[in-house]
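This report refers to the structure that appears directly beneath it.
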Amino acid sequence: MQTEHVILLNAQGVPTGTLEKYAAHTADTLLHLAFSSWLFNAKGQLLVTRRALSKKAWPGVWTNSVCGHPQLGESNEDAVIRRCRFELGVEITAPEPVYPDFRYRATDPNGIVENEVCPVFAARTTSALQINDDEVMDYQWCDLADVLHGIDATPWAFSPWMVMQATNREARKRLSAFTQLK
């Protein structure tokens, strides 16, 4: 895969340039564009993933299915599709926005800062997973209600962005729609 970049943003969310992804995530991370995606299977279960230990930010932490950064000229939806193929080896339905105006800043235990405008999407797959071990060290298909209960009871056990997304009432409602079988 070619070197990925992040799209830098000003305080109003307007693009101002790009920076190599690995260089972007530091103790002084600039605001940039990202996305977060929650993936559901044909049984209506959510894919929860554990980030690989080699990840720069939040290694080994349980999180929602896929996160990443759109590249210059790439739509958020196309970026979700690309990262689902790369990290999970799956094809997905068209990603649907569930929390389009999500924005957050969080610092991991190693001092790495995430500072992102991060629209949240949900999608479905019927493909068998082909996990990229450089990205994901473990995974589990779970009932959304169980995951949400776990987040409410033990938020420290999940990535901060997943917790923030899951505790938004409207996002929960939209995610719950993906548990309904089609």
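Cβ coordinates come from backbone N, Cα and C, glycine included.
Note that the structure is a prediction, hence the values are computed from the model and not measured.
Per Swiss-Prot, the feature active site maps to CYS67, GLU116; the stated evidence is sequence analysis. Marked as Mn(2+) binding site by Swiss-Prot on the basis of sequence analysis: HIS25, HIS32, HIS69, GLU114, GLU116. According to Swiss-Prot, the Mg(2+) binding site annotation covers GLU87. Residues or ranges marked as domain 'Nudix hydrolase' by Swiss-Prot: 30-164.
Look at the binding-site residues HIS25, HIS32 and count other Cβ atoms within 10 Å of each Cβ; HIS25 has the fewest. In sequence order, HIS25, THR29, ALA34, ALA57, TYR104, ARG105, ALA106, THR107, ASP108, PRO160, TRP161 make up the list of same-chain residues 6 or more apart from GLU114 (Mn(2+) binding site) whose Cβ falls under 8 Å from its Cβ. Other residues of the chain with a Cβ within 8 Å of the Cβ centroid of HIS25, HIS32, HIS69, GLU114, GLU116, the Mn(2+) site, are VAL6, LYS21, ALA24, THR29, LEU33, ALA34, ASN115, CYS118. On the 0 to 100 pLDDT scale, the domain 'Nudix hydrolase' (30-164) averages 97 in the predicted structure. In three-state terms derived from DSSP, HIS69 (Mn(2+) binding site) belongs to neither a helical nor a strand segment and is classed as coil. Under a cutoff of 8 A between CB atoms, and with a sequence separation of 6+ in the same chain, the neighbours of HIS69 (Mn(2+) binding site) are GLU4, HIS5, VAL6, ILE7, LYS21, HIS32, LEU33, ALA34, PHE35, ALA79. Over all protein chains present, the Cβ of GLU116 (active site) has 24 other Cβ atoms lying within 10 Å. Note on the domain 'Nudix hydrolase' (30-164): DSSP counts are 31 helix, 46 strand, 58 coil.
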